[in-house]
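Visitor: This structure is in C-alpha coordinates; I'll ask about it shortly.
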Amino acid sequence: MDKEGHSLPSASCADGRKRRVCYYYDPGIANVDYGADHHMVPRRVAMAHALVEKYGLLADMERLRVRPATKAELRAFHDDAYVRLLHDITQDADHRQGDAEILETARACGIGVPDPGETAAYDNPVIDGLWDYCVRYAGGSLAAARALASGTSDIAINWSGGMHHACQGRASGFCYVNDIVLAIQELLKHFERVLYVDIDVHHGDGVEEHFKRESRVMTVSFHRYGEDRPGGEKFFPGTGTAEDVGEGDGKYYTLNVPMDAHMDDESYQHLFRPIMHKVMEKFAPDAVVLQCGADSLYGDRLGNFRLSVKGHAGCVSYLRSFNVPLLLLGGGGYTINHVASCWCYETAVAVGKEEGISDEIPFHGYEHYYRDQGYKLHFTVPKTNGNKIDVAAMEKIKQDALMNLAMLKPPPTTQRHRRPSKRHGIDVNALFDHHSKNSKEKDKKSKKYRREEDDPMERLHRLCCEADRYDFFTELGKRKAREQVNATLFDPK
(Lines of atoms letter the chains of each structure in order from A and count residues from 1; the text may use other names and numbers.)
(Lines give C-alpha, C1' and ligand atoms only; values in the text may rest on other atoms or scores of the structure.)
Protein backbone atom coordinates (compact mmCIF):
# COMPACT_ATOMS: atom_id res chain seq x y z
CA MET A 1 0.00 0.00 0.00
CA ASP A 2 1.39 3.40 -1.00
CA LYS A 3 1.53 5.27 2.27
CA GLU A 4 2.86 8.70 1.37
CA GLY A 5 1.62 9.03 -2.20
CA HIS A 6 2.50 12.29 -3.87
CA SER A 7 2.65 14.53 -0.81
CA LEU A 8 5.00 15.61 1.91
CA PRO A 9 4.56 14.62 5.56
CA SER A 10 1.91 16.54 7.46
CA ALA A 11 3.11 19.85 8.87
CA SER A 12 0.94 19.29 11.95
CA CYS A 13 2.93 16.29 13.20
CA ALA A 14 6.65 15.79 13.61
CA ASP A 15 6.24 12.15 12.60
CA GLY A 16 5.30 12.18 8.92
CA ARG A 17 3.12 9.08 9.31
CA LYS A 18 0.93 10.60 12.00
CA ARG A 19 -2.06 12.93 11.69
CA ARG A 20 -4.24 14.78 14.18
CA VAL A 21 -7.32 12.59 14.11
CA CYS A 22 -10.69 13.08 15.82
CA TYR A 23 -13.30 10.38 16.17
CA TYR A 24 -17.08 10.33 16.66
CA TYR A 25 -18.93 7.43 18.21
CA ASP A 26 -22.47 7.52 19.58
CA PRO A 27 -23.43 4.27 21.36
CA GLY A 28 -27.10 5.22 21.02
CA ILE A 29 -26.99 4.10 17.38
CA ALA A 30 -26.00 0.52 18.23
CA ASN A 31 -29.49 -0.62 19.20
CA VAL A 32 -31.33 0.75 16.15
CA ASP A 33 -33.19 -2.10 14.47
CA TYR A 34 -34.33 -1.93 10.84
CA GLY A 35 -36.09 -5.28 11.24
CA ALA A 36 -35.19 -8.97 11.52
CA ASP A 37 -34.90 -9.53 7.76
CA HIS A 38 -33.39 -6.18 6.82
CA HIS A 39 -29.89 -5.94 5.38
CA MET A 40 -28.96 -2.80 7.34
CA VAL A 41 -27.60 -3.51 10.83
CA PRO A 42 -26.42 -0.34 12.62
CA ARG A 43 -24.75 -2.44 15.33
CA ARG A 44 -21.85 -2.88 12.87
CA VAL A 45 -20.71 0.58 14.03
CA ALA A 46 -20.58 -0.64 17.63
CA MET A 47 -18.63 -3.69 16.46
CA ALA A 48 -16.11 -1.49 14.66
CA HIS A 49 -15.81 0.75 17.72
CA ALA A 50 -15.22 -2.24 20.00
CA LEU A 51 -12.30 -3.30 17.79
CA VAL A 52 -10.94 0.23 17.64
CA GLU A 53 -10.99 0.35 21.43
CA LYS A 54 -9.43 -3.08 21.96
CA TYR A 55 -6.64 -2.36 19.49
CA GLY A 56 -5.79 0.74 21.55
CA LEU A 57 -6.50 3.22 18.76
CA LEU A 58 -8.67 5.55 20.85
CA ALA A 59 -5.54 6.80 22.59
CA ASP A 60 -4.34 8.21 19.26
CA MET A 61 -7.48 10.26 18.61
CA GLU A 62 -9.44 13.12 20.13
CA ARG A 63 -13.02 12.15 20.92
CA LEU A 64 -15.77 14.36 19.54
CA ARG A 65 -18.62 15.16 21.91
CA VAL A 66 -21.89 13.35 21.13
CA ARG A 67 -24.31 16.00 19.92
CA PRO A 68 -27.43 15.19 17.88
CA ALA A 69 -28.27 17.49 14.98
CA THR A 70 -31.12 19.96 15.37
CA LYS A 71 -34.20 20.41 13.18
CA ALA A 72 -32.74 23.66 11.88
CA GLU A 73 -29.52 21.90 10.87
CA LEU A 74 -31.42 19.20 8.97
CA ARG A 75 -33.45 21.89 7.18
CA ALA A 76 -30.21 23.24 5.69
CA PHE A 77 -30.77 20.52 3.08
CA HIS A 78 -34.03 18.67 3.73
CA ASP A 79 -37.53 20.04 3.13
CA ASP A 80 -39.30 21.29 6.23
CA ALA A 81 -42.27 18.96 5.66
CA TYR A 82 -39.94 15.96 5.36
CA VAL A 83 -38.09 16.89 8.56
CA ARG A 84 -41.43 17.18 10.39
CA LEU A 85 -42.44 13.77 9.06
CA LEU A 86 -39.24 12.15 10.36
CA HIS A 87 -39.86 13.78 13.72
CA ASP A 88 -43.55 12.86 14.01
CA ILE A 89 -43.95 9.39 12.54
CA THR A 90 -43.80 6.42 14.89
CA GLN A 91 -44.19 2.66 14.61
CA ASP A 92 -47.49 2.73 16.47
CA ALA A 93 -49.19 5.04 13.95
CA ASP A 94 -52.39 3.38 12.88
CA HIS A 95 -55.11 4.03 10.33
CA ARG A 96 -57.18 6.46 12.35
CA GLN A 97 -58.00 9.66 10.51
CA GLY A 98 -55.25 11.64 12.20
CA ASP A 99 -52.55 9.11 11.45
CA ALA A 100 -53.76 8.24 7.96
CA GLU A 101 -52.44 11.53 6.60
CA ILE A 102 -49.00 10.91 8.13
CA LEU A 103 -48.89 7.39 6.69
CA GLU A 104 -49.83 8.63 3.22
CA THR A 105 -47.14 11.31 3.41
CA ALA A 106 -44.59 8.73 4.56
CA ARG A 107 -45.25 6.50 1.58
CA ALA A 108 -44.90 9.48 -0.76
CA CYS A 109 -41.52 10.19 0.87
CA GLY A 110 -40.19 6.67 0.36
CA ILE A 111 -40.72 5.51 3.93
CA GLY A 112 -42.32 2.08 4.02
CA VAL A 113 -45.46 1.78 6.12
CA PRO A 114 -47.19 -1.62 6.04
CA ASP A 115 -50.94 -1.93 5.73
CA PRO A 116 -52.78 -3.84 8.49
CA GLY A 117 -51.69 -7.47 8.41
CA GLU A 118 -48.98 -6.80 5.84
CA THR A 119 -45.54 -8.32 6.53
CA ALA A 120 -43.60 -7.04 3.51
CA ALA A 121 -40.13 -5.66 4.18
CA TYR A 122 -39.27 -2.12 3.13
CA ASP A 123 -35.94 -0.51 2.27
CA ASN A 124 -36.75 2.43 4.54
CA PRO A 125 -39.04 1.16 7.30
CA VAL A 126 -40.51 3.17 10.13
CA ILE A 127 -37.99 1.98 12.69
CA ASP A 128 -38.36 2.48 16.41
CA GLY A 129 -36.62 5.74 17.34
CA LEU A 130 -36.31 6.90 13.73
CA TRP A 131 -35.90 10.58 14.56
CA ASP A 132 -33.34 9.91 17.28
CA TYR A 133 -31.32 7.72 14.90
CA CYS A 134 -31.29 10.33 12.12
CA VAL A 135 -30.21 13.26 14.29
CA ARG A 136 -27.52 11.15 15.99
CA TYR A 137 -25.65 10.08 12.86
CA ALA A 138 -26.17 13.47 11.19
CA GLY A 139 -24.87 15.22 14.30
CA GLY A 140 -21.72 13.13 14.10
CA SER A 141 -20.95 14.19 10.53
CA LEU A 142 -21.59 17.85 11.33
CA ALA A 143 -19.30 17.66 14.37
CA ALA A 144 -16.58 16.00 12.30
CA ALA A 145 -16.87 18.65 9.57
CA ARG A 146 -16.58 21.44 12.14
CA ALA A 147 -13.51 19.82 13.67
CA LEU A 148 -11.80 19.95 10.28
CA ALA A 149 -12.98 23.50 9.65
CA SER A 150 -11.64 24.63 13.04
CA GLY A 151 -8.14 23.60 11.99
CA THR A 152 -7.69 21.40 15.07
CA SER A 153 -7.84 18.09 13.18
CA ASP A 154 -6.35 16.75 9.96
CA ILE A 155 -8.72 13.78 9.74
CA ALA A 156 -12.20 13.36 11.24
CA ILE A 157 -14.08 10.04 11.42
CA ASN A 158 -17.77 9.19 11.77
CA TRP A 159 -18.46 5.58 10.78
CA SER A 160 -22.18 5.96 11.53
CA GLY A 161 -22.50 8.52 8.74
CA GLY A 162 -22.25 8.21 4.96
CA MET A 163 -25.95 7.92 4.06
CA HIS A 164 -25.53 8.99 0.45
CA HIS A 165 -28.91 8.01 -1.07
CA ALA A 166 -31.22 10.26 0.96
CA CYS A 167 -32.82 13.04 -1.08
CA GLN A 168 -34.10 16.49 -0.16
CA GLY A 169 -37.61 15.27 0.61
CA ARG A 170 -37.38 11.52 0.34
CA ALA A 171 -35.72 8.49 1.96
CA SER A 172 -33.89 6.06 -0.31
CA GLY A 173 -31.60 3.05 -0.08
CA PHE A 174 -31.79 2.65 3.74
CA CYS A 175 -30.93 6.36 4.11
CA TYR A 176 -33.29 8.89 5.71
CA VAL A 177 -31.09 11.97 6.26
CA ASN A 178 -28.20 12.82 3.96
CA ASP A 179 -25.51 13.65 6.50
CA ILE A 180 -22.94 13.92 3.70
CA VAL A 181 -24.67 16.87 2.07
CA LEU A 182 -25.04 18.53 5.48
CA ALA A 183 -21.33 18.00 6.24
CA ILE A 184 -20.21 19.33 2.85
CA GLN A 185 -22.40 22.42 3.26
CA GLU A 186 -20.77 22.98 6.65
CA LEU A 187 -17.30 22.64 5.11
CA LEU A 188 -18.21 25.13 2.37
CA LYS A 189 -18.63 27.80 5.04
CA HIS A 190 -14.91 27.53 5.71
CA PHE A 191 -13.25 26.02 2.63
CA GLU A 192 -13.38 27.22 -0.96
CA ARG A 193 -13.41 23.80 -2.63
CA VAL A 194 -14.64 20.48 -1.30
CA LEU A 195 -14.10 17.14 -3.01
CA TYR A 196 -16.50 14.25 -2.38
CA VAL A 197 -15.30 10.71 -3.18
CA ASP A 198 -17.57 7.67 -2.89
CA ILE A 199 -16.23 4.08 -2.84
CA ASP A 200 -19.51 2.42 -1.87
CA VAL A 201 -20.54 -0.30 -4.35
CA HIS A 202 -23.68 1.79 -5.01
CA HIS A 203 -23.67 5.12 -6.83
CA GLY A 204 -23.69 8.18 -4.55
CA ASP A 205 -26.79 9.54 -6.23
CA GLY A 206 -28.21 11.73 -3.45
CA VAL A 207 -25.00 13.72 -3.00
CA GLU A 208 -24.41 14.05 -6.72
CA GLU A 209 -27.96 15.25 -7.39
CA HIS A 210 -27.66 18.08 -4.89
CA PHE A 211 -24.27 19.36 -6.06
CA LYS A 212 -24.43 18.66 -9.80
CA ARG A 213 -24.74 22.39 -10.62
CA GLU A 214 -22.08 23.46 -8.13
CA SER A 215 -18.50 24.33 -9.12
CA ARG A 216 -17.16 24.56 -5.57
CA VAL A 217 -17.98 20.89 -4.95
CA MET A 218 -16.71 18.04 -7.09
CA THR A 219 -18.30 14.61 -6.69
CA VAL A 220 -16.51 11.43 -7.75
CA SER A 221 -18.23 8.05 -7.47
CA PHE A 222 -16.66 4.63 -8.06
CA HIS A 223 -19.54 2.15 -8.20
CA ARG A 224 -21.04 -0.89 -9.80
CA TYR A 225 -23.29 -0.20 -12.78
CA GLY A 226 -25.33 -2.44 -15.05
CA GLU A 227 -27.72 -5.33 -14.62
CA ASP A 228 -27.96 -6.84 -11.16
CA ARG A 229 -28.12 -10.22 -12.87
CA PRO A 230 -28.39 -11.23 -16.56
CA GLY A 231 -31.78 -10.12 -17.82
CA GLY A 232 -32.65 -8.53 -14.48
CA GLU A 233 -33.13 -5.00 -13.21
CA LYS A 234 -30.32 -2.47 -13.02
CA PHE A 235 -28.12 -2.59 -9.98
CA PHE A 236 -29.41 -0.06 -7.43
CA PRO A 237 -29.85 2.87 -7.88
CA GLY A 238 -29.34 2.47 -11.62
CA THR A 239 -27.65 5.88 -12.06
CA GLY A 240 -24.11 7.14 -12.46
CA THR A 241 -23.03 6.64 -16.06
CA ALA A 242 -19.81 8.12 -17.43
CA GLU A 243 -21.96 10.60 -19.38
CA ASP A 244 -23.36 12.10 -16.17
CA VAL A 245 -20.92 15.00 -15.74
CA GLY A 246 -22.99 17.68 -14.01
CA GLU A 247 -24.98 20.62 -15.30
CA GLY A 248 -24.65 24.38 -15.75
CA ASP A 249 -21.81 25.85 -13.69
CA GLY A 250 -21.17 22.38 -12.32
CA LYS A 251 -20.55 20.72 -15.67
CA TYR A 252 -17.57 18.34 -15.43
CA TYR A 253 -17.48 18.76 -11.64
CA THR A 254 -19.36 15.45 -11.49
CA LEU A 255 -17.29 12.38 -12.31
CA ASN A 256 -18.67 8.86 -12.43
CA VAL A 257 -16.62 5.69 -12.73
CA PRO A 258 -19.16 2.91 -13.44
CA MET A 259 -17.70 -0.58 -13.09
CA ASP A 260 -18.74 -4.16 -13.72
CA ALA A 261 -19.15 -6.70 -10.92
CA HIS A 262 -16.26 -8.75 -9.52
CA MET A 263 -13.74 -5.89 -9.26
CA ASP A 264 -10.71 -7.01 -7.22
CA ASP A 265 -7.98 -5.02 -5.45
CA GLU A 266 -5.68 -4.79 -8.45
CA SER A 267 -8.31 -3.77 -10.98
CA TYR A 268 -9.95 -1.30 -8.57
CA GLN A 269 -6.69 0.47 -7.76
CA HIS A 270 -5.79 0.47 -11.46
CA LEU A 271 -8.71 2.86 -11.84
CA PHE A 272 -8.75 4.65 -8.50
CA ARG A 273 -5.17 5.90 -8.26
CA PRO A 274 -4.62 7.48 -11.70
CA ILE A 275 -8.11 8.98 -11.71
CA MET A 276 -7.82 10.41 -8.20
CA HIS A 277 -4.31 11.69 -8.90
CA LYS A 278 -5.70 13.69 -11.81
CA VAL A 279 -8.72 14.86 -9.76
CA MET A 280 -6.45 16.17 -6.99
CA GLU A 281 -4.26 17.87 -9.57
CA LYS A 282 -7.08 19.52 -11.53
CA PHE A 283 -9.56 20.40 -8.78
CA ALA A 284 -7.04 21.08 -5.98
CA PRO A 285 -9.56 20.72 -3.12
CA ASP A 286 -9.21 22.39 0.26
CA ALA A 287 -11.02 19.51 1.98
CA VAL A 288 -11.96 15.96 1.02
CA VAL A 289 -14.96 13.88 2.13
CA LEU A 290 -14.54 10.13 1.57
CA GLN A 291 -17.57 7.87 1.87
CA CYS A 292 -16.12 4.46 2.79
CA GLY A 293 -19.10 2.22 2.03
CA ALA A 294 -17.94 -1.31 2.87
CA ASP A 295 -20.37 -3.11 0.58
CA SER A 296 -17.61 -3.06 -2.03
CA LEU A 297 -15.79 -5.68 0.07
CA TYR A 298 -15.69 -9.34 -0.90
CA GLY A 299 -18.57 -11.37 0.52
CA ASP A 300 -21.01 -8.51 0.98
CA ARG A 301 -24.66 -9.57 1.06
CA LEU A 302 -25.65 -6.98 -1.56
CA GLY A 303 -22.53 -5.95 -3.44
CA ASN A 304 -20.59 -8.18 -5.81
CA PHE A 305 -17.07 -6.76 -5.70
CA ARG A 306 -14.03 -8.65 -4.43
CA LEU A 307 -12.08 -6.06 -2.46
CA SER A 308 -10.05 -7.09 0.57
CA VAL A 309 -9.80 -4.94 3.70
CA LYS A 310 -6.38 -3.71 2.57
CA GLY A 311 -7.62 -3.09 -0.96
CA HIS A 312 -10.50 -0.97 0.33
CA ALA A 313 -8.25 0.82 2.82
CA GLY A 314 -5.82 1.59 0.02
CA CYS A 315 -8.26 4.31 -1.08
CA VAL A 316 -8.16 5.86 2.40
CA SER A 317 -4.38 5.66 2.51
CA TYR A 318 -4.01 7.24 -0.92
CA LEU A 319 -6.26 10.24 -0.22
CA ARG A 320 -4.73 10.64 3.25
CA SER A 321 -1.33 11.00 1.60
CA PHE A 322 -2.25 14.35 0.02
CA ASN A 323 -2.42 16.02 3.45
CA VAL A 324 -5.70 17.77 2.73
CA PRO A 325 -8.28 17.88 5.58
CA LEU A 326 -10.07 14.55 5.27
CA LEU A 327 -13.51 13.50 6.53
CA LEU A 328 -14.04 9.72 6.66
CA LEU A 329 -17.62 8.46 6.73
CA GLY A 330 -19.23 5.03 6.70
CA GLY A 331 -21.98 4.02 4.31
CA GLY A 332 -23.13 0.67 2.98
CA GLY A 333 -21.88 -2.69 4.17
CA TYR A 334 -24.09 -5.66 4.97
CA THR A 335 -21.76 -8.45 6.03
CA ILE A 336 -21.22 -6.85 9.39
CA ASN A 337 -18.07 -8.66 10.51
CA HIS A 338 -16.34 -7.59 7.28
CA VAL A 339 -17.58 -4.03 7.77
CA ALA A 340 -16.25 -3.82 11.32
CA SER A 341 -12.88 -5.27 10.30
CA CYS A 342 -12.59 -2.77 7.47
CA TRP A 343 -13.52 0.37 9.40
CA CYS A 344 -11.29 -0.61 12.32
CA TYR A 345 -8.34 -1.08 9.96
CA GLU A 346 -9.11 2.19 8.18
CA THR A 347 -9.11 3.93 11.56
CA ALA A 348 -5.61 2.54 12.05
CA VAL A 349 -4.68 3.86 8.59
CA ALA A 350 -5.98 7.30 9.58
CA VAL A 351 -3.75 7.49 12.67
CA GLY A 352 -0.80 5.87 10.85
CA LYS A 353 -0.72 2.63 12.83
CA GLU A 354 -2.02 0.06 10.37
CA GLU A 355 1.23 -1.89 10.50
CA GLY A 356 1.13 -2.10 14.28
CA ILE A 357 -2.17 -3.89 14.86
CA SER A 358 -2.39 -7.65 15.04
CA ASP A 359 -4.33 -9.73 12.55
CA GLU A 360 -5.69 -11.73 15.48
CA ILE A 361 -9.14 -10.53 16.54
CA PRO A 362 -8.87 -9.56 20.24
CA PHE A 363 -11.23 -10.83 22.92
CA HIS A 364 -13.83 -8.04 23.11
CA GLY A 365 -17.36 -9.42 23.31
CA TYR A 366 -18.08 -9.59 19.58
CA GLU A 367 -15.34 -12.05 18.64
CA HIS A 368 -17.81 -14.84 17.84
CA TYR A 369 -18.93 -12.86 14.77
CA TYR A 370 -15.48 -13.43 13.25
CA ARG A 371 -15.46 -17.22 13.38
CA ASP A 372 -16.10 -17.58 9.65
CA GLN A 373 -13.03 -15.45 8.90
CA GLY A 374 -10.84 -17.48 11.25
CA TYR A 375 -10.89 -14.80 13.96
CA LYS A 376 -8.65 -12.69 11.73
CA LEU A 377 -8.98 -8.97 11.05
CA HIS A 378 -8.16 -9.58 7.39
CA PHE A 379 -10.56 -12.13 5.92
CA THR A 380 -9.40 -14.23 2.99
CA VAL A 381 -10.49 -13.34 -0.53
CA PRO A 382 -10.29 -16.58 -2.54
CA LYS A 383 -8.88 -16.58 -6.02
CA THR A 384 -11.61 -16.65 -8.63
CA ASN A 385 -11.83 -19.31 -11.31
CA GLY A 386 -14.34 -17.43 -13.44
CA ASN A 387 -15.72 -13.91 -13.81
CA LYS A 388 -12.42 -12.53 -15.02
CA ILE A 389 -12.05 -8.78 -15.36
CA ASP A 390 -12.41 -7.46 -18.91
CA VAL A 391 -9.12 -5.57 -19.22
CA ALA A 392 -10.19 -3.72 -22.37
CA ALA A 393 -13.45 -2.59 -20.78
CA MET A 394 -11.60 -1.46 -17.67
CA GLU A 395 -9.16 0.59 -19.73
CA LYS A 396 -12.08 2.27 -21.50
CA ILE A 397 -13.61 3.18 -18.12
CA LYS A 398 -10.34 4.82 -17.11
CA GLN A 399 -9.94 6.70 -20.39
CA ASP A 400 -13.54 7.95 -20.27
CA ALA A 401 -12.92 9.34 -16.80
CA LEU A 402 -9.64 10.97 -17.77
CA MET A 403 -11.28 12.52 -20.84
CA ASN A 404 -13.98 14.06 -18.67
CA LEU A 405 -11.32 15.36 -16.31
CA ALA A 406 -9.50 16.95 -19.24
CA MET A 407 -12.58 19.15 -19.69
CA LEU A 408 -12.44 20.35 -16.08
CA LYS A 409 -11.49 23.98 -15.60
CA PRO A 410 -10.63 25.65 -12.30
CA PRO A 411 -13.84 27.01 -10.76
CA PRO A 412 -14.36 30.77 -11.09
CA THR A 413 -13.36 31.75 -7.55
CA THR A 414 -11.38 34.73 -6.42
CA GLN A 415 -10.00 33.09 -3.32
CA ARG A 416 -8.21 29.80 -3.79
CA HIS A 417 -7.27 27.51 -0.93
CA ARG A 418 -9.16 29.36 1.76
CA ARG A 419 -8.19 28.03 5.18
CA PRO A 420 -10.13 28.07 8.45
CA SER A 421 -9.56 30.92 10.87
CA LYS A 422 -10.91 32.14 14.20
CA ARG A 423 -13.36 34.52 12.53
CA HIS A 424 -15.57 31.59 11.54
CA GLY A 425 -16.69 31.27 15.14
CA ILE A 426 -16.42 27.51 15.77
CA ASP A 427 -16.50 26.73 19.48
CA VAL A 428 -13.72 24.15 19.65
CA ASN A 429 -14.27 23.46 23.34
CA ALA A 430 -17.86 22.47 22.62
CA LEU A 431 -16.77 20.06 19.87
CA PHE A 432 -14.50 17.79 21.83
CA ASP A 433 -15.13 15.42 24.71
CA HIS A 434 -12.32 16.49 27.01
CA HIS A 435 -13.33 13.89 29.58
CA SER A 436 -12.02 11.15 27.32
CA LYS A 437 -8.62 12.82 27.16
CA ASN A 438 -8.17 14.22 30.66
CA SER A 439 -9.65 11.25 32.49
CA LYS A 440 -8.29 8.43 30.36
CA GLU A 441 -5.51 7.39 32.73
CA LYS A 442 -7.61 8.03 35.81
CA ASP A 443 -10.43 5.84 34.52
CA LYS A 444 -7.98 3.15 33.52
CA LYS A 445 -6.45 3.02 36.98
CA SER A 446 -9.77 3.04 38.80
CA LYS A 447 -11.29 0.60 36.29
CA LYS A 448 -14.35 2.81 35.95
CA TYR A 449 -16.27 2.85 32.71
CA ARG A 450 -18.04 5.86 31.28
CA ARG A 451 -21.80 5.56 30.80
CA GLU A 452 -21.53 7.31 27.43
CA GLU A 453 -19.61 4.35 25.99
CA ASP A 454 -21.68 1.67 27.67
CA ASP A 455 -22.58 -0.48 24.69
CA PRO A 456 -24.80 -3.40 25.79
CA MET A 457 -22.48 -6.05 24.37
CA GLU A 458 -19.46 -4.45 26.01
CA ARG A 459 -21.33 -4.33 29.31
CA LEU A 460 -22.20 -8.05 29.08
CA HIS A 461 -18.59 -8.74 28.23
CA ARG A 462 -17.41 -6.90 31.32
CA LEU A 463 -19.97 -8.44 33.63
CA CYS A 464 -19.80 -11.97 32.27
CA CYS A 465 -16.89 -12.66 29.97
CA GLU A 466 -14.17 -11.23 32.18
CA ALA A 467 -15.64 -13.14 35.12
CA ASP A 468 -15.75 -16.24 32.96
CA ARG A 469 -12.10 -15.91 32.08
CA TYR A 470 -10.76 -15.24 35.55
CA ASP A 471 -13.30 -16.89 37.88
CA PHE A 472 -15.71 -19.28 36.22
CA PHE A 473 -13.21 -21.36 34.29
CA THR A 474 -10.84 -21.44 37.26
CA GLU A 475 -13.63 -22.66 39.51
CA LEU A 476 -14.75 -25.16 36.86
CA GLY A 477 -11.22 -26.55 36.66
CA LYS A 478 -11.03 -26.94 40.43
CA ARG A 479 -14.42 -28.68 40.51
CA LYS A 480 -13.34 -31.05 37.74
CA ALA A 481 -10.17 -31.85 39.62
CA ARG A 482 -12.13 -32.58 42.80
CA GLU A 483 -14.48 -34.88 40.89
CA GLN A 484 -11.54 -36.81 39.49
CA VAL A 485 -10.01 -37.18 42.96
CA ASN A 486 -13.33 -38.35 44.40
CA ALA A 487 -13.84 -40.79 41.54
CA THR A 488 -10.40 -42.29 42.23
CA LEU A 489 -10.99 -42.57 46.01
CA PHE A 490 -14.34 -44.29 45.70
CA ASP A 491 -13.64 -46.44 42.66
CA PRO A 492 -14.57 -50.05 43.74
CA LYS A 493 -11.94 -51.42 41.38
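The backbone N, Cα and C atoms fix where each Cβ goes, glycine too.
Reproduced below are the annotations present in TrEMBL:
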DOMAIN    38-348  domain 'Histone deacetylase'
BINDING   Asp123, Gly173, Tyr334  substrate binding site
ACT_SITE  His165  active site, proton acceptor
BINDING   Asp200, His202, Asp295  divalent metal cation binding site
REGION    410-458  region 'Disordered'
COMPBIAS  432-458  compositional bias 'Basic and acidic residues'
Visitor: What is the separation, in Å, between the Cα atoms of Asp123 (substrate binding site) and Asp295 (divalent metal cation binding site)?
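Guide: With the alpha carbons as reference points, the distance is 16 Å.
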Visitor: If you measure C-alpha to C-alpha, which of His165, Asp200, Asp295 (recorded positions) come within 10 angstroms of Gly173 (substrate binding site)?
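Guide: The recorded positions close to Gly173 (substrate binding site) (Cα within 10 Å), listed in sequence order, are His165.
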Visitor: Among the binding-site residues listed here, Asp123, Asp200, Asp295, whose Cβ has the fewest other Cβ atoms inside 10 Å?
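Guide: Output over binding-site residues Asp123, Asp200, Asp295: least Cβ neighbours within 10 Å is Asp123.
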Visitor: Cβ within 8 angstroms of the Cβ centroid of Asp200, His202, Asp295: which residues besides those meet this for the divalent metal cation site?
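Guide: Other same-chain residues with Cβ inside the cutoff are Val201, His223, Arg224, Gly293, Ser296, Leu302, Gly303, Gly331, Gly332, Gly333.
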Visitor: Would you count the other C-beta atoms found within 10 angstroms of the C-beta of His202 (divalent metal cation binding site) for me?
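Guide: His202 (divalent metal cation binding site) is surrounded by 27 other Cβ atoms within 10 Å.
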Visitor: List the Cα distance (Å, whole number) between the residue listed as 'active site, proton acceptor' and His202 (divalent metal cation binding site).
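Guide: With the alpha carbons as reference points, the distance is 9 Å.
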Visitor: Quick check for you: of the binding-site residues Asp200, His202, Asp295, which have their Cα within 10 Å of the Cα of Tyr334 (substrate binding site)?
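Guide: Near Tyr334 (substrate binding site) by Cα: Asp295.
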Visitor: State the count of C-beta atoms found within 10 angstroms of the C-beta of Gly173 (substrate binding site), not counting that atom itself.
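Guide: Other Cβ atoms found within 10 Å: 21.
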